[in-house]
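Notes follow once the structure below has been shown.
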Amino acid sequence: MTLSEDTLRAVEATAGLIAAQGIEFTRAFYERMLTKNEELKNIFNLAHQRTLRQPKALLDSLVAYALNIRRINELYELKGKGLPVPPEHWAELQGFFSAAERVANKHTSFGIQPAQYQIVGAHLLATIEDRITKDKDILAEWAKAYQFLADLFIKREEEIYAATEGCKGGWRQTRTFRVEEKTRVNEIICKFRLVPAEEGAGVVEHRPGQYLAIFVRSPEHFQHQQIRQYSIISAPNSAYYEIAVHRDEKGTVSRYLHDYVSTGDLLEVAPPYGDFFLRYLEADEQAPADTQASQEFQMLQSGAINFAAEKTMPIVLISGGIGQTPLLSMLRFLAQKEGKETARPIFWIHAAHNSRVRAFKEEVDAIRETALPSLRVVTFLSEVRATDREGEDYDFAGRINLDRISELTKLEADNANPHYFFVGPTGFMTAVEEQLKTKSVPNSRIHFEMFGPFKASH
C-alpha cells in the first residue's frame, strides 16, 4: 500500500499546525484516550504523562513522520514496483527507520497488539478534528496516513515477536520468573537475578545492551499494572537474567522493587528487547531479529560494525550514573568472549555523583585485573569527598570531559576509529555527544540510548 498525492498534501499542510501546538496537542490526545480507554492505563507509564515526557515523545514522532512522509512513500512505491532503492534514499531515511526500530522494540516489550493501534488512531483523528481542522476530506487523508504508519509498525513488531519466540528459550508476551537472588549493591541500587519459574527451563540469550520489561501487578500498591524496562547487566547466557534497579524516590516501581520484592517472589517478564546493543556475531551466525526483518529495517544493520570480525577495533563505554547497566553487560560479554588474549583497546569511563553511590567498581576493577588487561578504567566524580583518593577512588574531579583522557585523543589522532557507546541522564548524554562531535567523530561510530520514552539510538 502506498499513499496518494492528496494524502501527502493533507499531512504536509497540517503538520505545521500540529507542531505549532506543541505538547498541548499530544497532551490532549493522551487525556482523551486514557479517559475513554481506561484499560490502556495498564500499559502507559502515567508518570511520563505527568512530566510530559510521553506527550513530547509522541509529538516528535508525529512531526518526524510528517516531515518524511513523502520520501517514505517514494521508498515503498519503488519497493512495490520491484525497483532498487538508491543508497542516498536509504541514507535520508536512516534516522526515521532507526527511530521506528527503537519504538517497535519498546512496543514489543509492552506487548502492544494490532487492535490497540485502532484505538490510538481513533483518538488521534478525534484530536486532530478537535484542535486542528474539521475538514472531513483532510481527516480522511490523515486516517490513511495513520494506517500506513500503523501497518509499518504492526509488521515490524510481529517480525520481532516471531524472531524472539522462535529462539531457543524464547517466548512471546510475558512469562513468570522467580527472584533467585536480591542483592543490595549500595544505598540506591539493588541487583536482582531472575530465573524462569518452571524448574530447569532456559531463557533466550539477550544481546549485550538490551533490556527486560517487568510487569508489576500489586493492587495494594498500584491502581493499574505498571510496566518498566530495566537493562540487563549479566553477560548473555541461557539460564538467567540480572538487572540492577536504581531507587528513584519520586518513582513508584523502583521503590516497590526495593522495598517489597524479595528472594523467591514471582514477577511477570517480557523477553529481552532493544536496538541498543553490542553487535558481535561469529562467522555464519545471524542475530534472530535480523533474519525476520523486512528490507527497510535490515538496511539499518547493513553498515553496522560486527565486532567479532573487527578484533582490534577500540570500544569506549561511557556511562553516567545508572546508565552503566547496559554497558556492564557489554563489558562482561567482552571479558567472556575475548578475555586476556584480546588485542582490542577497551575503555570504561564512568561519571558518578560521588564514590558512595558509584556501583560495580569492585567488579569492573576485577575484570581489568583478571580478564581484560587491556581495559582502561577512568572515573569522574562530581563531588569528591575528603576520604576519596585520586587514582584509586577517582581519576578526575568534576563533570565528564573526554579531552582530559589523553589515550582517547591519541586513538582519534591515530585513526584507530574507536566506537563509543554511552548511556546516562539527559544532560550527561548531551554533553558527551557534543564532545564527540567536537572531535569530529562520525555518527557511524556513535551509539547511544537515553532512558525514557523516546530518543533514537544511532
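Positions of Cβ are set from backbone N, Cα and C atoms, glycine also.
Feature annotations, reproduced from Swiss-Prot:
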- 2-158: domain 'Globin' (DOMAIN)
- Tyr30: site 'Involved in heme-bound ligand stabilization and O-O bond activation' (SITE)
- Lys106: site 'Influences the redox potential of the prosthetic heme and FAD groups' (SITE)
- His107: heme b binding site (BINDING)
- 172-279: domain 'FAD-binding FR-type' (DOMAIN)
- Glu449: site 'Influences the redox potential of the prosthetic heme and FAD groups' (SITE)
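All protein chains considered, the CB of Tyr30 (site 'Involved in heme-bound ligand stabilization and O-O bond activation') has 21 other CB atoms within 10 Å. Each residue contributes its Cα atom, and for Lys106 (site 'Influences the redox potential of the prosthetic heme and FAD groups') and Glu449 (site 'Influences the redox potential of the prosthetic heme and FAD groups') those atoms are 12 Å apart. In this structure the C-alpha atoms belonging to Tyr30 (site 'Involved in heme-bound ligand stabilization and O-O bond activation') and His107 (heme b binding site) are separated by 17 Å. Around Glu449 (site 'Influences the redox potential of the prosthetic heme and FAD groups'), taking its Cβ as the centre, 25 other Cβ atoms fall within 10 Å, counting all chains. For the domain 'FAD-binding FR-type' (172-279), DSSP puts the residue distribution at 8 helix, 42 strand, 58 coil. Reduced to three states, the DSSP call for Glu449 (site 'Influences the redox potential of the prosthetic heme and FAD groups') is strand. Rounded to a whole number, the C-alpha distance linking His107 (heme b binding site) with Glu449 (site 'Influences the redox potential of the prosthetic heme and FAD groups') is 16 angstrom. When secondary structure is read from DSSP and collapsed to three states, the residue listed as 'heme b binding site' falls in the helix class. Its Cβ placed at the centre, Lys106 (site 'Influences the redox potential of the prosthetic heme and FAD groups') has 20 other Cβ atoms within 10 Å.
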